[in-house]
Structures are given as structure tokens and as C-alpha cells.
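Pulled from Swiss-Prot, these are the features on record:
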- 1-44: region 'Disordered' (REGION)
- 63-99: zinc finger (ZN_FING)
- 113-306: region 'SBD' (REGION)
- 116-176: zinc finger (ZN_FING)
- 121, 128, 140, 144: Zn(2+) 1 binding site (BINDING)
- 151, 158, 170, 175: Zn(2+) 2 binding site (BINDING)
């Protein structure tokens, strides 16, 4: 269910197309190297040190079915063809190369070879300089600061990943998200029938401020038996960078107001995770209707806010924004 209308004004109140076009570049994911299944009895050659490069050994450790790196237990057929434990279950105990029965033979030699390897992070092309022992690399890659970001759009199961400039352009071009420049904002959310609340009626706006991008979320959902409205901000970057910023949200009317102040969450945290943690401005429906005039016929919420940067310890100019919440 969509909100009937949404108006937004910001400090500069201009679309940030030029800034985005300057930042945008094609985000190329690292494609996996496919090869024919030569990882047969060459395992013995690897174990005896006859293979010339680490790359050759790394190719032996690539599962011929899913092309992912193999981790113990590594299985092999009677002819020496190897595959990972996940794919063993998928191929119904038949070797995908020679079609012979797999059995329960482990390739201990290849597992031992893997222990001696040190390999770069798979996000090396994105800037990660780290090198890890083979069995430690996978754990690092799940939390690597250089790993791609997921699309922060909450209205669909979007599987797009990329760096921040790529995702900003993706949100604008593919999801038609509103883009604004400035560190203060003024939103008006209008809904004709406030009694109808489904999981989840929501809006998303992207702001460009201090050279960074922020996602402002506003949505209605059921919290227990009661419908609520929630607004929160996410920083398009890592958590350590997000801590450099603060934001405030204010909603009110008829002599009453609610104010929320906090640190934006990183888009590394999913939209649902932030929402379910209640880390934002939460407005109960009765209060929302009071702010709207109390006639309970139409929801009219005006949410204002600002983003500011903590002053630098080194004395550098923080460039704090002047609030404009009138």
C-alpha cells in the first residue's frame, strides 16, 4: 500500500543529478574463473610441490560444480575428481565429471595443501590489500570493509550490489527514488485512510550532505496489535564512518511535538534489522492523528530533520549544518 502523497523540501531543494553523474562509474563484479576439471590426480602433484604457482593450486581448490572455493570435507571419486561437500549432496552421489559413484572418499591431500596457502581477499580488485591463510580468508570476506553494498531499497527483494556511487545511480534510475541535496529536510506525509496499515507502507528519499549519501526511510507497520509510523536515517557507507554523523527528526502539531536524535545506521544493516530494532522516531497512531488535526479522517504528518557532523578532533572544519526547521 503506497502513501497517497509525499512532498519534500530540503536546504538546497535541487535534484542532485550532476553530482551523481560525476560520481557514477560502472561497478564491475569480479567474475569467477571457470576452467575444465583438471583437479584429478594432480592433487598428488600439488601435495608434492610440483605445481609451479599458487594460482594452479587455487584452481585445484575450485569446485567444478559451483566454482566456489572448497573447504573440508573435500570429496573425491575413485578417479580422483573432487568437489565440495555442498555439491556432493546436489549431484546425488554421482561424480559430475566421470559419472562414477562418489562414495565417501575425502581428499585429505588437497585439504592439507590448502592449509599451507595464503591468498588475497576476493575483494582485492575493490581495494582490499589483505592476504589470509586459506581457511581464514572466507571468514574475513564476509565482513571485509571493501565488500560490495546491497541495494538499500526496501520495497522489493532487490539483489543488486555495488559501491556507493553505483547504488545511488541505481536508486535514482531503476527505483525512481527522489534525490535531494542539503543537510536539512522537511517532509509531509499524507494518507487518506489512516486506519489501513499494512506491513509496510513506506517511502525512501536519498540526501547528499557533507559529500556523503543518506537514506531517509518513513513507513507504517503493525507493532504488536497497534499500527505505528516510523522514520529513520541510514548512512550509505560503513558503520565506522556513520559514527561521524548525527541526525534529528521532529514531528508535531497543535502545541505538541516528538523529537528523535541519534546516529544514522549503516546500510550494512538491513532495512528490516533497523526497523525491528526500533532505532528511530516512532509515532503511535493516536499521536499521529492528533498531529494531523484529530478528526481521524486523514493522516497529515510533517517530519522535519537535519544531519550534522561531529567536530573534528584535529581542528579541521566540521562544516556543521545550520538547522532550518521552520
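Each residue, glycine too, has its Cβ placed from N, Cα and C.
Taking the mean position of the Cβ atoms of 121, 128, 140, 144 as the Zn(2+) 1 site, the remaining residues of that chain whose Cβ falls within 8 Å of it are 122, 123, 124, 130, 132, 137, 141, 145, 146, 147. For residue 170 (Zn(2+) 2 binding site), the number of other Cβ atoms no farther than 10 Å from its own Cβ, over all displayed protein chains, is 20.
If you average pLDDT over the zinc finger (116-176) in this model, you get 90. The Cβ of residue 144 (Zn(2+) 1 binding site) has 18 neighbouring Cβ atoms from other residues within 10 Å, across all protein chains displayed. For the zinc finger (63-99), the DSSP counts in helix, strand and coil order read 6 helix, 6 strand, 25 coil.
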